[in-house]
Amino acid sequence: MLNILKAIWSQLVTLVEVLRHTFSKADTVQYPEEMPYLAPRNRGRIVLTRDPDGEERCVACNLCAVACPVDCIALQKTEDEYGRWYPEFFRINFSRCIMCGMCEEACPTYAIQLTPDFEMCEYDRQNMVYEKEHLLISGEGKYPGYSFYNVAGKSIKNKDKGEARNESPPVDVRSLLP
Amino acid sequence: MPGWLIYFIIFGTIFGAFGGAAVLIWFERRLLGIWQDRLGPNRVGPLGIGLALADVIKLFAKEDWVPPFADKFVFVFAPTAIVMAMLLGFAVVPFAPGIHVIDLNIALLFFMGMTSLAVYSVMLGGLASNNKYALLGGLRSAAQMVSYEVFMGLSLMGVVMLTGSFSLVDIVNTQAEKGWFVFSQFFGFVAFMMAGIAESHRLPFDLPEAEHELVAGFHTEYSGMKFGMFMVGEYLGLILISSMICTIFFGGWLGPDFLPPIFWFTIKTFVFICFFILLRAAIPRPRYDQLMIFGWQYLLPLTLINLLVTGAVVLWL
Amino acid sequence: MPTIKVDNQKLVVKDGDNLLQALLSAGIDIPYFCWHPAMGSIGACRQCAVVQYAGEDDTRGRIVMSCMTAVTDQARFSVATQSADQFRKSVIENLMLNHPHDCPVCEEGGECHLQDMTVMSGHSVRHYEGKKTTYRNQYLGPFIGHEMNRCITCYRCVRYYQDHAGGHDLNAFGSRDRVFFGRVESGLLESEFAGNLVEVCPTGVFTDKTFSKHYTRKWDLQSSPTICQGCSLGCNTYTSERYGQLRRVQNRYHHQVNGYFLCDRGRFGAQFVNAESRIRQAGIRNSQGLYDATELKTAIGIARSIISNASTIKGIGSPRASLESNQALRELVGQNNYSNGMTEVEQAMLQKIIDVLRSPIPTPSMMQTEQCDAVLVLGEDVTNFAPRLALSLRQATQNRAKTLALGVHIPLWHDAAVREIGQSDRSPLVIVTPTEDRLDEVASHVLRLAPDNIALLGDEICHAIKDEDNGTASDNVSSVAREIAGLLKQATKPLIVAGTSLQHPGILQAALNIAITLNQQNISAGFFACASESNSLGVAMLDNQHSISDIMAEQPETLVVLENDLQRRLGDRFDASLAGIKHLIVLDHLDNPTVSVSTLVLPAATFAEAEGTYVNNEGRAQRSFATFNPAGDITPSYELLDQLRSVKRHIDEIHHVIANSIPTLAGIVAAAPAASFRIEGAKIARMTHRASGRTAIDANISVHEPTPPMDDDSPLVYSMEGQHEQAPANLRAYSWAPGWNSNQSNHKFQQEVGGSERTGDPGILVLTGGGEIKTGDVTLTHRRLVPELHIFGSDELTNSAADLATLVTAPYLRMHGTTAQSLGVVQDDGVSFEVNKQRFSFAVIVDDSMPADSLAYPLIPATVVLTNLDDIQLSKAESWTKAPASGQRMITTDRSQ
C-alpha cells in the first residue's frame, strides 16, 4: 500500500516538476540568425593539415580509410624522390561521411582533422566529393608543432638517418670496437 | 429552440471540434516545447501557428495510397470510423444551458457506446494493414480498450446514482445543488480520467502505437489523409474526454456569473486538454503488462469500492 | 606418437617435431620470429619461451625455447603460466628497443609478423628511454627495398638467403648492437629467389619495391588464388589488385608444388598485366598499316563476318593460354584445323613427357624432389628455365647432411646443427648442360657439353647402369658415365631432371632411358620433366595432332591466333609463313610481332582477369581465378572465341566439354569447385572483411556507387561480402587468420605445420597410371646454336613487367676461346651474321667453359630470329650493342649512396 502511495506521489511530483518548466527559459538557439558556439573539437568538415615545415602531414598510411565505418575515404600512396610518403590522391565522399571522427582518431600523424564547420550542403551530391586539393589546408590545425617524421625512423629530405628525436647517429657497420 | 439554431449548434460543434483538433496539433507541440525547455514550432506565421495549416495542407496533398497487400475496403473504412464515432460522441455534450445538439436521457450510455466504437477503427486498421506491427498494435488496442471500458463505465455509476439520471444536462444541474462531483466522487474521477486516457490511447497509454517497439503500431501502413484521420480522431477523443470530465466532475458550464456559461465550459475543457498534454510531457509509457495489471488489479477494485460506498451513502444517508 | 601435456591439456603430437611446431599444429598460438616452417629452428630470438616441468610434482619448472625443445612422451609444459608470459613480454620489449616509429610509412604495416607477435605477447609501452640505433640503407636492386632500422636481428634473412637459397651476397655484418644485414656494398641482390626475403623477414626491413610503387595495405587488396604464368611448374600464387591495377604477387602455400617460396620471375613478372603495351581495345588494321581502336562489339561483328565468309579457317592455340580458351578455339575452327601452337619437336617431346607421367616410373612433385638423394640434371638450365625447381634441388643436396644428422640423433629441425654436421658435404648433384648455371656451385659434378654430346653421355650413362660397354664412346666419356651411373645406383631415391628447354628430343629420350633402366633394376628413380610454358602439358593433352607448321603448310586464308607470338615459335620463318594469310585475327594481352602483323586484334584478358585451368609439368591441373574485373573491353579469350561463333556459355560448361571429349582431362572438372559452390549460402570473398573506400573509390567519376561487378564464372565474388577463412585451399583469396595478419598465418590452414592443407592440396593430378613406357633410340640434332636461358628475359610475358625489364640482358653470342680466335674477335668485340638478308650484330662473350663447337645466344626477344636455326655464318662486326659485364643481370647504379 505504501509502495502504491509512493508511486502515486512520484508521478505527481513529476507532473509538478515538468509544470515548473513553464517558467524556465528555452535553450533553443535560433540558427541561422543566431550562430551557436562550436568547440574546436566539434566534428564537422574534414581537413588535411600540414606539418610545421609546410609539408603534407598525411603519409598515406590508409588507417583513416580502414577506420571509416562508411568506407568513404579512398587514397593512394606515392612517394617523393627522398622516400617521403604522401597521398597521390585523397578522396572523401562527404555525401557518405557521418562525421564520426574515427579517421581523426586513427590518424598517426595528426594529418586528418575534423573542424567545427558543418555548413557544407550542396544541391548536387557530386559536389560533396572532396579531393586532396579541397581538403588540404595550409595550417597545422589543432595540433601545432607535431611532425611525424621527427619521431619516425625513415629518412626524408632535410632529415637524415639518426636525426629524428631520440635517435643516435647511424652506426658504422665496419667498426669492430667493443 | 428554433430550427436554425439547432443546425447552427450542430455545425458549430463539428467545425469547433475539427478546428480544435487542427489547432491542437500546433498547440500540443508548442506546449511540449515549453515544458521541455524548447521553443517548439515558431517559424510559420506568428508563434508558428501557421504550422497547423501547413500540416493540414501537407496531409491533404499527400498521395492517397493503399498498400497492395492490404484489405482495401477495411483499410479505407477504419480511419473514417474513428472520426465518425468521436464526432457522434460530441452530440450529447452540453456546452451551456440550452446549447447542445441533443439532450438524451441516456447520454452517458451513448457517449460510452461511441467511445467503444472507436476501438473497432483501431483494430480494423491494424488488421487490414496486413502488417505484423499493425496487427500487434490492433491487438493491444483491443485488449486495452475492452479492459478500460469496464471501469470507465463503473466509475461513472457513482455519479449516475447521485444524479438519478443518465442525462448530462441533469448531471450538470445536480452539481449546481450538490457541488462538483469531483469532491464526492473523487475516486470515480481518478478512474474515469485514467480510463479516458486509455480510451483515447494518448500518452502515456499509447501502447497500440508504441513507436519504439511497433514502428507506428496500428497505423504503420497509413499515410496521407487516412493517417491524418487517425490523428484527428485522436485529438477529437482528447477534446471529447476533456469536455466529459469537465461536464461530469467539474460542473460543466457552472461558474461565477461574470463570464457566460459557455466560457466556463471552454476554460475547464481547455485546462484538461493542457493536463493531458502535461501527462505526455512528463510521464513515461508503462510496459504493456503493467498497463493491464494497473487496470484490473488497482482501478477495477477502486471503482467497485467507490460504487459500493456511494451506493451505501445513497441508501442509508 | 608422444603425448604431452600443455597447460593441463593433453596433446598427441607428431614424433620428431619440436614443441613450437607441435603447439602451432595443435592451434595454440605462440609468438616466434627466427623459426620458419621451411628452415627449422636456431633458437636466436628467444620469443617462443615456454615453461617445462620436470614432472607432475614440479611447480616451478624452467623456461625453455619451444622451438629448440623436442617433444618427448609425457613431457609437461605451460604456455600461459606467468613466468613464461612475463619472459616473452620482456623479450619482445627488448627486440622492439630500436624499432622505429615507422608503421604508418612501412610497407609491412598491417601484415607484419612483428606487429602480430607484439600484440600476441602483450607488449605496448617502450620503457627504455635511451636513443634508438639507426642504420644506413642499401640499394638492393629494382625488386627489394631495404630499411635496416626496422631490423630485430632474428637472422631469418641470412638463414634463408645463404643457407636455403644459396646466395652469397647477403650477410650479417658488424658487432654487438650494430649488427647489419645487407651486402658488402649497395647493388642488386644476385639470388633468383631474393624476392622471398619480403615474406621471410618478419618485419619491414626487406620490402617489395615493385609493390611499394603503387602500395596498398593488405586489407585493401582484392586478391584471388592464381597459378604463376612464368614457367611450367605451376606455382601457386595470390595475385592482388586495387584500383584496377595488379598490385603484387605473393606465395600461396602448396604442399606439393611450391611450398613457402617463389622465384623472382614469378613474384615480380606478373606486373606485365599493367604494362604499357597492354592491348586494351579491339583494333582493326587500316590501309596505312595502323590500327583503329574499335568498339569490341563492332570488332566481333567484323570478325564474325570474316570467319563466316572464309573458305579455309585455321586456329593456332597457345601453351600459355588456359585449357578453356584453347578448347573454345578448337571448337571455333574445328578439331582438324586446330593446332596447340607448338612446333613438331616440342609436341613430340611433350608427348614423351605425358607418356612418362602415365607410366609406373615415379614422377615426384617439386616438393618431393627435395627428398631425393642423388640428382642428375640432363641438359636443363634449371635456374633459368624452371627457377623454383633450382631452389628445391638445392635442398636436395642437403640430404647428405640430414642423413649424417639422423645418424647421431640430431632432429632435422635443428637447422644449425644439421648444417654444422654436414659442412660442405652434399648429396650428389650432377649437372650436364651447355652453359653456366648458378646451380653449378652446389653440384658435385658439372659437365659443359654441346646438346648432342649431352644426349650421347646420357646414352652412355644408361649403358653404364646396365654394366654394358657399347664401345662407341671414348674412355673419358665412359669413365664419367660410369661414375655418374654409380652415384645413381647407390642412391635410394635418385632423380633425373630433363625437359624441353634445349628443344632436343635426344636428351629427353636419354634421360628417360636412364630412369627406365634404373627402375628396371629396382631402383626407384624419379623423373622430373620441365616444360616451357604454364600450360604446355595441358594443351599437349588437349590436342597434340597438328603442329604450327602443319597449319602454316596449308596456307589458310583466315587464321585465328590465340595468345601466341608466332615469331617465338617460327623464328626466321615467321615473315614467310604469315605472308599468304589474308585475315589474321589475334587475341592477346600484349603487343608483340604477331599482333603487329594482324588484320584484327582483340583484347584478351590475362590470367589475373580471367579464370583458367593450367596443367603443370607433373600433370597437375590447377585452376586460376580472376583477381579483378578488367576495365573496358578486355575480355577472357574463351568468351571472345565463343562470341565469334555467337555462343554464350558458362566456363563450367567448357570444363565439362573438355572432360567429356578428352578422357585424360576428365579430372579438370574437380580441379576446383564449380561456380555454384557455396559455404553457408555464401560465395568466397576476394576482398578482406576490412576492405576500405567502398563508397569513395569511384566517387570522382560518379558519386552514385556502381553495382559491384558480378562474377558468374567462379565461386568467388568481387566483394568483401562472403566467406573468408573457411574457404577451401583452392579458393582462398588471401592468407589471414585472426591475430595472424602476415602470411605466417599459413599454419592455420594446414593439417600440421608444413603439411597439406586441411581441405586438401589444390589441383588434381590428371596423369596417373595406365600407361607404359619403353626405352627408345637417342636421336641427335647437330645444332651448333644453343639457346641460353635467362630467368629475366626468356619468358614471353614477364619481359613486359616494367621493373623486371630493366634486368633483361642485351643480346650477345657466347663462344669458346677457339671459336673467337678463329673469328679474330676477343671479349666485348662484336660479331655479325645475316638471316633473311637482314644483318644482326651482337657482342661477343668469350667463355672457355663452353663446349668448343657450340655458340650460345640468350633467349630474349632480340635474338628470336635464331630460334630455329642450326648454325649461322659469323663475321667480325663494326658496331654492336655492348654486352653486360657478367652476361647475366645488369646492375643498375645506386641512387641512395
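Heads up, residue numbers simply count up from 1 along the chain you see.
Glycine too: its Cβ is placed from the backbone N, Cα and C atoms.
The transmembrane segment feature in TrEMBL is assigned to B:6-27 (among others).
If you look up TrEMBL, you'll see B:39-61 (among others) marked as transmembrane segment.
Taken from TrEMBL, the feature transmembrane segment applies to B:73-96 (among others).
Within the chain, the transmembrane segment (B:108-128) has long-range Cβ neighbours (under 8 A, six or more residues past its boundaries) at 70-71, 74-75, 77-82, 85-86, 88-89, 91-92, 134-139, 141-142, 145-146, 149, 152-153, 156, 160, 166-168, 171, 199-201, 208, 217-219, 222, 230, 233, 237, 240, 244. Summarising the annotation, TrEMBL assigns transmembrane segment to B:108-128 (among others).
Sequence-distant contacts of the transmembrane segment (B:148-168), counting only residues of its own chain at least 6 positions beyond either end whose CB sits under 8 Å from a CB of the stretch, comprise 92-94, 100, 103-109, 111-112, 115-116, 119, 174, 178, 181, 184-185, 187-189, 191-192, 194-196, 198-199, 247-249, 252, 295, 299-300, 302-304, 306-307, 310-311, 314. The transmembrane segment feature in TrEMBL is assigned to B:148-168 (among others).
Outside the transmembrane segment (B:180-198), and at least 6 residues removed from its termini, the chain residues within Cβ reach (under 8 Å) are 144-145, 147-149, 151-152, 154-159, 162, 171, 204-205, 241, 244-245, 248-251, 254, 276, 279, 291, 295, 299, 302-303, 305-306, 310. According to TrEMBL, the transmembrane segment annotation covers B:180-198 (among others).
What TrEMBL lists as transmembrane segment is B:235-255 (among others). Outside the transmembrane segment (B:235-255), and at least 6 residues removed from its termini, the chain residues within Cβ reach (under 8 Å) are 17-18, 20-21, 24-25, 82-83, 86-87, 89-90, 93-97, 111, 115, 118, 156, 159, 168, 171-172, 175-176, 180-182, 185, 188-189, 192-193, 196-197, 199-202, 261-265, 267-270, 272-273, 276.
Feature annotation from TrEMBL assigns transmembrane segment to B:262-283 (among others).
The feature transmembrane segment is assigned by TrEMBL to B:295-316 (among others). When Cβ-Cβ distances below 8 Å are used as the criterion, the transmembrane segment (B:295-316) is approached by residues 147-148, 150-151, 154-155, 157-158, 161-162, 185, 187-188, 190-191, 194-195, 198 of the same chain, each at least six residues removed from its ends.
Here the transmembrane segment (B:262-283) has Cβ contacts under 8 Å with residues 24, 27-28, 31-32, 35-36, 95-96, 99, 197, 202-204, 238-239, 241-243, 245-247, 250-255 of the same chain, all six or more residues outside its ends. Outside the transmembrane segment (B:39-61) by six or more residues, the chain places 22-23, 25-26, 29-33, 224-225, 227-228 with a CB less than 8 A from a CB of the stretch.
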